[in-house]
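Visitor: The structure is given below, and queries will be raised subsequently.
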Amino acid sequence: MLSRTKIKIIPVVSIFIVTFLLLFMLRATQQTGDSLSYALSAKTGQRMFHPHHLLFTPIIYLSYSAITLICKSCDVIFAAQLHNIILATVVILSFYVILKDVIVFSSFFSTLLTILLLISRGILVFSTQIEVYIPATACLTLFVLIMTTRLMSNKFDNAKVIALLLLLTMAIFYHQTNVLFCIPFSYYFIATQNKQRYKSLIIILSLSGIIVLLAYILAFFSIDENRTAANFLRFCLSYSFYPDPNWGSLEHFSLLGIKKLLKSQLWNVVELPRRFRYIAVSFLIILFIWNLVKASKPATYHNKFRRFLLIWIMTYFIFFLWWLPGEKEFFITTLVPIMLLFALSIKDLLGKEKKLRFLNKLIPVVLILFIAFISAKNGKNALALHQTQGTDYRNAWRMAKLIPEECVILTDWTTQNHLQYFFEREKVLDADLLLFFYNNESLPEYYHLKEEKCVVVALSYVTPDYDIAKYNGYTCPSKWIEYMKWLFDFKYNSEQRRATCRKFELLHDDNGTLYVYLSSSTVEIENFNKVFEALDGKINMYFGKQINPFGNWLAKNPRAENLILP
């Protein structure tokens, strides 16, 4: 193990102040659908325990309750942003100390690399949006600092064990997938500690597991009256039961899946035009290869640490490649070990043979230029998020103005949460319910709309060319027709040989978006084909030309006539 170093307090305090002030001043005005979902739950005290990030919303709720004691005008979004900014500061400070104490960099290089992490797009965006990934990353980065630091005892004494136990538990509570961190942690412990200390590893992993399990049991008992083992499993693994074939698929283990994953990881540093993206991805691949080669050499402490980082990255990469490689926010956590590998690679190049000494001057210049470029690129994006509420807010505002309050609105997840949080519209449901039809799943009870006075859905969610996952009305015509008949409440009386459906009309907002308005009253029709004819007629009249999305579907689908019969 390396000898201890001293960390000067002035750089640490300076980094803390700069990080906090920068993120506080760049607080995002735009929020994601997930962000507003958490904010609404914390604001109302309902649906507090999300199974995949169990304690995030309760912690935001407590933060909001505490802040309102001294700031009555502060809302839950501000409280959540403050919580995330503080934990983002923990990420940055922990990263700096790891560079100084574990990798043993100079203050100059440690500061440059810390600035590079701070201005990365993932940190700037997710620190001030109400997302779970920064708090989880803070727990893991602080975990790595305490696990590796030479500022305290190298031994896993009681204080260290308790700290690591709590941080691992909180990382899992912030995001369930961080149970994966047990794999790289176990490697590091076994590689750096003697067998007499394995008891500490067992204590950390087992007690953390017990605490998490008990918390899940308590949360489940508080929200579900049908308390069976099957329902508990369904609660813990909620998303795996959602009928989206893209969530957790072996099909992602392909060149396309890997491309999506690398693009998502790169996005967390900076978003580049396509022509530069390949260069950046190539650099990332070279970085991994370089460190794999170094890690294969004799087990010095730095190489053990390097192996730990590689195992951390690959464990998360394999899981998220399977789960959803295009989801950018998943890869904020892996940004930290990648940046640490980058730091180790720079240290490998510094002070080597005489013919490479020029790198000692070249690398700082390149880093400074890179920081300037990323600052300009990501700063512009952060300012845009800070200055405007975004298109999703404007869409929700137009819908709230157009659609009567008594109507149920079917829309996308992000617009749904904008409507519910900012415009207090309670009757809003996710239009992705189509997946239940495409996957032969039963509709949840909250989608039963028969008693509702009216239902409004954007025309784009009704036409047969609407793609969701890998489905649409052309690839799965029979399931799409089932959805349409359900939506229009189509009924056929075989004795009277008459059919009815909801009375409907088209609405449009001041942006030209068309909506289908379905009332509770019914109208007699000959068969469902008449619904398509009426919709096409209204659409053609609005646009002043023949578009016929439903007529085209009928013409291109040889089984269409049979499908639309009662």
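Backbone N, Cα and C define each Cβ position, glycine as well.
TrEMBL labels come from automatic prediction, so no person has curated them.
So TrEMBL lists these for the protein:
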{"type": "TRANSMEM", "residues": "52-70", "note": "transmembrane segment"}
{"type": "TRANSMEM", "residues": "77-96", "note": "transmembrane segment"}
{"type": "TRANSMEM", "residues": "102-120", "note": "transmembrane segment"}
{"type": "TRANSMEM", "residues": "132-149", "note": "transmembrane segment"}
{"type": "TRANSMEM", "residues": "161-189", "note": "transmembrane segment"}
{"type": "TRANSMEM", "residues": "201-223", "note": "transmembrane segment"}
{"type": "TRANSMEM", "residues": "276-293", "note": "transmembrane segment"}
{"type": "TRANSMEM", "residues": "305-324", "note": "transmembrane segment"}
{"type": "TRANSMEM", "residues": "330-346", "note": "transmembrane segment"}
{"type": "TRANSMEM", "residues": "358-376", "note": "transmembrane segment"}
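Map these features onto the structure and tell me what's around them.
Guide: With a threshold of 8 Å between CB atoms, the same-chain residues lying at least 6 positions outside the transmembrane segment (52-70) that come near it are 38-39, 41-43, 45, 76, 78-80, 82-83, 130, 132, 135-136, 170, 173-177, 215-216, 219, 238-239.
For the transmembrane segment (77-96), the list of distant contacts is 11-12, 15-16, 19-20, 23-24, 27-28, 31, 35, 38-39, 42, 59-60, 63-64, 66-68, 71, 110-111, 113-114, 117-118, 123, 126-131, 134-135, 137-138, 141-142, 144-145, 336, 339-340: same-chain residues at least six beyond its ends, Cβ to Cβ under 8 Å.
Long-range Cβ contacts of the transmembrane segment (102-120) within its own chain (Cβ-Cβ under 8 Å, at least 6 residues beyond either end) map to 2, 5, 8, 11, 15, 18-19, 22, 91-92, 95-96, 148-150, 268-270, 302, 305, 335-336, 339-340, 342-344, 346-347, 350, 364, 367-368, 370-371, 374-375, 378-379.
Residues 38, 53, 56, 59, 83-84, 87-88, 90-91, 94-95, 97-98, 101-102, 122-123, 126, 160, 163-164, 167-168, 170-171, 174-175, 178, 181, 185, 188, 305, 329-330, 332-333, 335-336 of the same chain lie 6+ residues outside the transmembrane segment (132-149) yet bring a C-beta within less than 8 angstroms of a C-beta in it.
Long-range contacts of the transmembrane segment (161-189) within the same chain, counting only residues at least 6 positions beyond its ends with a Cβ under 8 Å from a Cβ of the stretch, are 51-56, 132-133, 135-136, 139-140, 142-143, 146-148, 197-198, 200-201, 203-205, 207-208, 211-212, 215, 304-305, 307-309, 311-312, 315-316, 319-320, 330, 333.
Long-range neighbours of the transmembrane segment (276-293) within the same chain, counting only residues 6 or more positions beyond its ends whose Cβ lies under 8 Å from a Cβ of the stretch, are 262-263, 265-266, 269-270, 306, 309-310, 313, 338, 341-342, 344-345, 348.
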